[in-house]
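Copied from TrEMBL, the annotated features are:
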ACT_SITE  H47  active site, proton acceptor
BINDING   I49, N100, D101, N156, D201, N202  Ca(2+) binding site
CARBOHYD  N202  N-linked glycosylation site
CARBOHYD  N256  N-linked glycosylation site
Amino acid sequence: GLKYPGMPSFAPNEPGQIFLMDLNEQNPRVQALNISGDFDKASFNPHGISTFIDEDKTVYLYVVNHPHMKSTVEKFKFEEQQHSLVHLKTIKHELLKSLNDIVVLGPEQFYATRDHYFTNFFLVLLEIILDLRWSHVLFYSPREVKVVAKGFSSANGITVSLDKKFIYTADVTAQNIHVLKKHENWDLTPVKVIHLGTLVDNLTVDPDTGDIWAGCHPNGMKLLAYNPADPPGSEVLRIQNVLSEKPKISTEYANNGSVLQASTVASVYHGKFLIGTVFHKALYCLL
């Protein structure tokens with residue numbers, strides 16, 4: 001799980017890892033990937049992740065990292081035969097602070113969410129209480145780093161539509177998803193807001209249908225004031241016909257915390273379904 005101020009950790013002394021799970025297997029198993037290269041594995045604290053596949057089929061993995069509670073983006077090359085990652089570079093910039101999630105759209109181009117303006121824990125709490133809406137979406141390339149969408153209470157998960165024309169961003173405390181149109185200069189303009197009535201965390205897109213799958217927190221107070229006797233529950237929503245006037249929203253998974261605590265993300269692939277959490281475990285399901 002992520003080591004994050006105010007959140008519990010079930011393995012506080014263990015460094016973060018990246019795991020591989022092949023959903024094409026009949027009985028998928030989880031395998032930790034070895035990381036090589038000039039990289040400090042002891043301080044690895046991964047958050048959002050995104051992949052980019054180059055023209056030569058090389059797979060690159062970008063990871064939001066919080067070493068020593070700072071924010072960086074790590075670029076890895078995936079070695080499929082060796083089941084390993086080679087660390088290529090660490091990306092830092094003065095605008096890349098309090099990063100949450102990332103979606104990569106080019107070999108060196110990505111959007112990332114900044115979930116809070118402040119980095120001090122107590123100022124973050126004040127920011128939430130006052131609902132300052134200073135959270136935003138950033139665009140990064142080696143030539144240019146800029147804010148491309150702002151006014152969020154807490155911009156969180158971010159992903160892209162199948163046709164790469166729209167960016168979807170979750171605003172967790174505002175309980176909604178923003179649909180943004182992507183332009184050739186990488187600017188984003190608002191299209192619509194989908195209200196969900198639950199704390200929506202991370203988003204993925206179904207590779208077959210284009211539907212959005214959202215990992216959500218039905219009770220924010222249980223998440224912030226963790227009690228193992230009354231743990232936070234989990235909820236996964238599916239949003240169909242995203243661009244229509246009335247998208248269809250359905251609950252695909254819900255649990256009171258007895259099985260899965262604090263769901264953050266859900267990923268679906270050919271009828272198989274994986275749910276991740278903030279600090280608990282992951283759940284594998286068949287649809």
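For all residues, glycine too, the Cβ spot is worked out from N, Cα and C.
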Chain-mates of I49, N100, D101, N156, D201, N202 with C-beta within 8 Å of site centroid, Ca(2+): H47, G48, T113, G157, I158, A170, L203, T264, V265
H47 (active site, proton acceptor) and D201 (Ca(2+) binding site), Cα-Cα, nearest whole angstrom: 12
Distance check against the residue listed as 'active site, proton acceptor' for the recorded positions D101, N156, N202, N256, keeping those with Cα within 10 Å: D101
Chain-internal residues near D101 (Ca(2+) binding site), provided their CB is under 8 angstroms and they sit 6+ positions away: H47, G48, S50, V64, A112, T113, N156, G157, I158, N202
Cβ neighbour count (within 10 Å, all chains shown) around N202 (Ca(2+) binding site): 26
Recorded positions compared (N156, N256) - highest count of Cβ atoms within 10 Å: N156
CB within-chain contacts under 8 A for N100 (Ca(2+) binding site), separation at least 6: H47, G48, V64, A112, T113, R114, D115, A155, N156, G157
I49 (Ca(2+) binding site) to N256 (N-linked glycosylation site) - Cα separation in whole Å: 27
Lowest local Cβ density among I49, D201, which the record lists as binding-site residues, within 10 Å: I49
